[in-house]
Amino acid sequence: MPSLGRLHLITDTRPGRDPLAVLRAALPVARAELVVQVRVTDDATDREAYDLARRAVALCAPYGAMCLVNDRLHVALAVGAAGGHVGADDLPVAAARRVLGPTAVLGATARAPGPAAEAVAGGASYLGVGPCHATDTKAGLPDPIGPEGVRAVAGAVAVPVIAIGGVTAAAVPALRAAGAYGVAVVGALSAAADPARATAELLGALTC
Ligand SMILES: Cc1ncc(COP(=O)(O)OP(=O)(O)O)c(N)n1
Ligand SMILES: Cc1ncsc1CCOP(=O)(O)O
Ligand SMILES: [Mg+2]
């Protein structure tokens with residue numbers, strides 16, 4: 001697998017958000033340390049997902065940043081993304097691996113050591129672990145697992161653990177101390193008044 005960036009920017013396509021503007025602000029700051037995950041709302045069409053993913057791949061390329069596509073693996077393949085991310089409502093990890101092929105980057109969601117180990121056995125190259133903290137970005141999430149939940153998963157697997165859910169720069173040190181390799185954020189960048197500055201703050205917390 002190519003080296004995985006530590007700061008995962010998940011696109012926010014809710015009304016009033018401008019995911020490509022956030023991406024343009026973050027890329028020159030984080031460069032190859034940024035992983036962009038194209039995530040669209042469930043009601044978005046495949047064509048909308050494709051158009052956003054195609055633009056994201058093109059924006060990432062000059063910076064050596066990796067672009068992944070959430071859920072819709074056919075879109076990942078269609079735009080030449082580096083891989084995809086799947087969770088409980090998506091293709092099973094082993095099936096996703098078959099779709100993407102052996103060299104693609106494949107993320108899987110896990111919040112406990114057992115399922116985490118199963119996801120790795122199925123072919124996951126990294127795990128998205130959470131929600132770590134409370135968030136209103138996604139509805140219907142289970143209770144936050146906190147840094148201790150991250151520690152339990154990180155201790156059970158040998159792939160990078162990416163902490164997700166309510167992550168801010170202030171939360172990063174505890175997550176890193178618990179074994180997180182990196183973090184994934186939506187609101188911390190999408191809702192930031194200055195996304196470039198917010199990117200620098202997250203990156204500083206991740207790499208110090
Ligand atoms: C890095 C990362 N971790 C977890 C998720 C959540 O994926 P999933 O559980 O499939 O939920 P949706 O994002 O599809 O709503 C993620 N996307 N990225
Ligand atoms: C998609 C997803 N899965 C678990 S938490 C989450 C949303 C994370 O968004 P935020 O960084 O704004 O809390
Ligand atoms: Mg999913």
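Using N, Cα and C of the backbone, Cβ positions are placed for all residues, glycine too.
According to TrEMBL, the feature 4-amino-2-methyl-5-(diphosphooxymethyl)pyrimidine binding site maps to Asn70, Thr109, Lys138. DSSP assigns Thr109 (4-amino-2-methyl-5-(diphosphooxymethyl)pyrimidine binding site) to a strand in the three-state reduction.
When Cβ atoms from all protein chains are considered, those within 10 Å of Asp71 (Mg(2+) binding site) total 19, not counting its own. Annotated Mg(2+) binding site per TrEMBL: Asp71, Asp90, in sequence order.
Marked as domain 'Thiamine phosphate synthase/TenI' by TrEMBL: 7-189.
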Asp71, Asp90, Lys138: which of these binding-site residues put a Cβ within less than 6 Å of any ligand 3 atom? Asp71, Asp90
With the Cβ atom as the reference point and anything under 6 Å counting, tell me which of the binding-site residues (Asn70, Asp71, Asp90, Thr109, Lys138) are near ligand 2. Lys138
Please identify, from the binding-site residues Asn70, Asp90, Thr109, Lys138, the residue with the sparsest Cβ neighbourhood, meaning fewest other Cβ atoms within 10 angstroms. Lys138
Identify all same-chain residues not among Asn70, Thr109, Lys138 whose C-beta atom falls within 8 angstroms of the centroid of the 4-amino-2-methyl-5-(diphosphooxymethyl)pyrimidine site's C-beta atoms; report them in sequence order. Ile10, Arg39, Asp71, His85, Gly87, Gly128, Ile164
